[in-house]
Amino acid sequence: MKVLGRSFFWVLFPVLPWATQAVEHEEVAQRVIKLHRGRGAAATQSRQWVRDSCRKLSGLLRQKNAVLNKLKNAIGAVERDVGLSGEEKLFQVHTFEIFQKELNESENSVFQAIYGLQRALQGDYKDVVNMKESSRQRLEALREAAIKEETEYVELLAAEKHQAEALKNMQHQNKSLSMLDEILEDVRKAADRLEEEIEEHAFDDNKSVKGVNFEAVLRVEEEEANSKQNMTKREAEDDLGLSMLIDSQNNQYILTKPRDSTIPRADHHFIKDIVTIGMLSLPCGWLCTAIGLPTMFGYIICGVLLGPSGLNSIKSIVQVETLGEFGVFFTLFLVGLEFSPEKLRKVWKISLQGPCYMTVLMIAFGLLWGHLLRIKPTQSVFISTCLSLSSTPLVSRFLMGSARGDKEGDIDYSTVLLGMLVTQDVQLGLFMAVMPTLIQAGTSASSSIVMEVLRILVLIGQILFSLAAVFLLCLVIKKYLIGPYYRKLHVESKGNKEILILGISAFIFLMLTVTELLDVSMELGCFLAGALVSSQGPVVTEEIAASIEPIRDFLAIIFFASIGLHVFPTFVAYELTVLVFLTLSVVVMKFLLAALVLSLILPRSSQYIKWIVSAGLAQVSEFSFVLGSRARRAGIISREVYLLILSVTTLSLLLAPVLWRAAITRCVPRPERRSSL
């Protein structure tokens, strides 16, 4: 029976590629599979089925040829018709071509189905790799078929719209229009032209771009659309709303730019997320204040409760994190307002040397432990660099509004600490620039290691050149631009504070854009913007700080809540012993390394501040979340290492206020203690 089934299959195979109907070729394919496996009907019935199928396919082939000839004749007749306008001729010819394309695509789909069946029958069912490749090829064919069908459907919608407009024009020509109808008709034509002008053919323009993949997604309509009981099918298709798309990797997407830009839309998910964070942050902040903890921990707890590990009510996680980044920008700007350039000149050597020495020592220890634990050097360097960074926004909250009151001639610990943090922000930008090369180095052969090292050195040279350009630009702005710019804002903002706020915000965004274009971190640009404004004197600083602080406070709430979205209490609870040990090891190591480095580079009269500065640096920056996610996507680290980095970072940030308060209590005389905690 199997031999008979195979013989009929190969007799039928040369004819099948000419079929034109999807239902027919699916029936043929299923029947051939049954015959091949020996589970078909009797031999006589099989022969009769094959003969009937061949007659049916031959008939379909003749019908297709006849239809194609008629379509060609119809296209020629339309082109020769002098009574039709050029636009109408194009429309009718295009309609016929769509039908021709439908016939050809159906024929191709049959051929692809038979080819796939042949490949499956010739393959080994025990070979998983072969089955995976066959599945991938079928998936690619389905994606191409789906994109072609989508294009054809859009063309049919356009043809239907054109046909309806032509019918309406004929009706208008047969009756007299009132003045109002004529005005509305002119408005309709103008609206059609507007839609054609502003519509971006993003789908057609990008579907053939290199690197673009077609994927199956689920479209989930928002609740408002589901509640419309009287909506017709056509109205439901035209109502774009703010549907959520979910791909096969469980990534969720929200509409960012609608096809019809004339209709205003709002992302209700994002609005609900911000409202929920704002309402829950208040009791969480109050609770932390009542028990003597910084309010920022209340905001982090708020993010934990609303995030994936809690109620999972935050739908627009990426949008919330993006808005939270503005909290970092304004926080660093206000830090720059309190960062006097004169003080910076006094500690610039310490601020530059300290973080560099600490990073080198951390990488050396990381490579040593990596060698003992048999970890790849690429992973060791990455993990060590992540852990060497400290949180600038967190320490800025510690120092915000505090009066340090150091002795005359001594070095201010806040100036040293902020200078070192700014240098670490520069290191962050450098590391993010070098990271693609680090990824390639992890996968390259040993013969190309020299080239990778040279490439890293070239990138370091580019970053140093960019830093020199940034500081040269700052000198020009300070000498020629910032003074007249602020005076103009001050004059224009009398009785209207929004001009002052907008002017300062625009200056912040200008500086972060410049530093970003020069491949330096945006955070450094915000800090430099504050330092440049502070050069205009304490009166200017107080006026601008009073205007910007409320904005900073609200955005900082969003930022710390976004950190809480990446805290997973269940994972911490499962691995509590390991995580506590790793966190304490990292905190103690960073504290001791910072104290060692500062004891070597600080003047003898200022040695007492090394404990405070070390306490401020003894935690891991929240930007390790960003670096860790990129490294995980690139394959540098595994999922387990990524979760360990996230957990250690979070626990170190929770431990930081305790260590900071202990250092302040021990090293600063009681009358001079001022802390933002």
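Placed from the backbone N, Cα and C atoms, the Cβ positions cover glycine too.
If you look up TrEMBL, you'll see 125-204 marked as coiled coil.
The domain 'Cation/H+ exchanger transmembrane' annotation in TrEMBL covers 280-660.
Summarising the annotation, TrEMBL assigns signal peptide to 1-22.
Look at TrEMBL and you will find 322-340 (among others) tagged as transmembrane segment.
If you look up TrEMBL, you'll see 352-369 (among others) marked as transmembrane segment.
Per TrEMBL, the feature transmembrane segment maps to 411-434 (among others).
What TrEMBL lists as transmembrane segment is 454-477 (among others).
If you look at the transmembrane segment (498-518), the same-chain residues 6 or more away from its ends with a CB under 8 A from one of its CBs are 329-330, 333, 429, 466, 469-470, 473, 485, 489-490, 492, 524-526, 528-530, 532-533, 543-544, 547-548, 551. The feature transmembrane segment is assigned by TrEMBL to 498-518 (among others).
Per TrEMBL, transmembrane segment is recorded for 554-572 (among others). Distant neighbours of the transmembrane segment (554-572): 274, 277-278, 281, 296, 299-309, 314, 317, 320-321, 323-328, 330-331, 393, 397, 579, 622, 625, 643, 646-647, 650-651, 653; these residues of the same chain sit at least 6 beyond its ends, with a Cβ under 8 Å from one of its Cβ atoms.
Residues annotated as transmembrane segment in TrEMBL: 579-602 (among others). Beyond the ends of the transmembrane segment (579-602), by six or more residues, the same chain brings 349-350, 353-354, 357-358, 361-362, 365, 387-388, 390, 411, 416, 572, 609-611, 613-615, 617-620, 644, 647-648, 651-652, 655, 659 to within a C-beta distance below 8 angstroms of the stretch.
The transmembrane segment annotation in TrEMBL covers 608-629 (among others).
What TrEMBL lists as transmembrane segment is 641-660 (among others).
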